Amino acid sequence: SPNGLLQFPFPRGASWHVGGAHTNTGSGNYPMSSLDMSRGGGSNQNGNWVSASAAGGSFKRHSSCFAEIVHTGGWSTTYYHLMNIQYNTGANVSMNTAIANAPNTQAQALCNGGQSTGPHQHWSLKQNGSFYHLNGTYLSGYRITATGSSYDTNCSRFYLTKNGQNYCYGYYVNPGPN
């Protein structure tokens, strides 16, 4: 994705933990289209908002825990393990709009199945309907390098680069799209 298109999918100024890239299902190693992000807070996620990560979005509410936003240029972003989704299909949402909360319960997080080890959002990038490998993609001005296997947090294979500096998995503050 071009630099400036995407921001972290949590509110600007907030700090969330960003884990290693992985496939949408978590199995296999390609395309690593997804990131898990969490704010902490245990079983009370009511104040932890998930935000639209790109502009010009047409909202799709797939279920009570899964949403997608279709952006320009064939891009879309998906958000799983949600609760309290704020919009219905067809709504137009802009970048940084609060769309839902991270889930309070595992049952809510997994309303469409899968696995979860604690409250977090599962964010994915798609282009023309297919999951898109994040290696080389920009998110909040950070260029993602993801050359290992799913959930790999070894900083030689998964890291984010900004202004010539490499950053490993960990907490990031959302500066916006750049």
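Using N, Cα and C of the backbone, Cβ positions are placed for all residues, glycine too.
Database features (Swiss-Prot):
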- C65-C111: disulfide bond (DISULFID)
- H120, H122: Zn(2+) binding site (BINDING)
- C155-C168: disulfide bond (DISULFID)
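In the structure as shown, the Cβ atom of C65 (disulfide bond) sits within 10 Å of 22 other Cβ atoms. A coil conformation is recorded for H120 (Zn(2+) binding site) in the three-state DSSP classification, outside any helix or strand. Taking Cβ-Cβ distances under 8 Å and a sequence separation of 6 or more, the neighbours of H120 (Zn(2+) binding site) in its chain are G19, D36, M37, S38, H81, A102. Put simply, of the recorded positions H122, C155, C168, the one whose Cα is nearest the Cα of C65 (disulfide bond) is H122. The closest partner of C111 (disulfide bond) among the recorded positions, by CA position, is H122; the full candidate set was H122, C155, C168. For the recorded site, C168 (disulfide bond), the DSSP three-state label reads coil. Counting only same-chain residues at least 6 apart in sequence, those with a Cβ under 8 Å from the Cβ of C155 (disulfide bond) are N166, C168, Y169. Candidate disulfide-bonded residues: C111, C168. Fewest other C-beta atoms within 10 angstroms, C168. Around the Cβ of H122 (Zn(2+) binding site), the same chain contributes S34, L35, D36, Y79, Y80, H81, G114, each under 8 angstroms and 6 or more positions distant in sequence.
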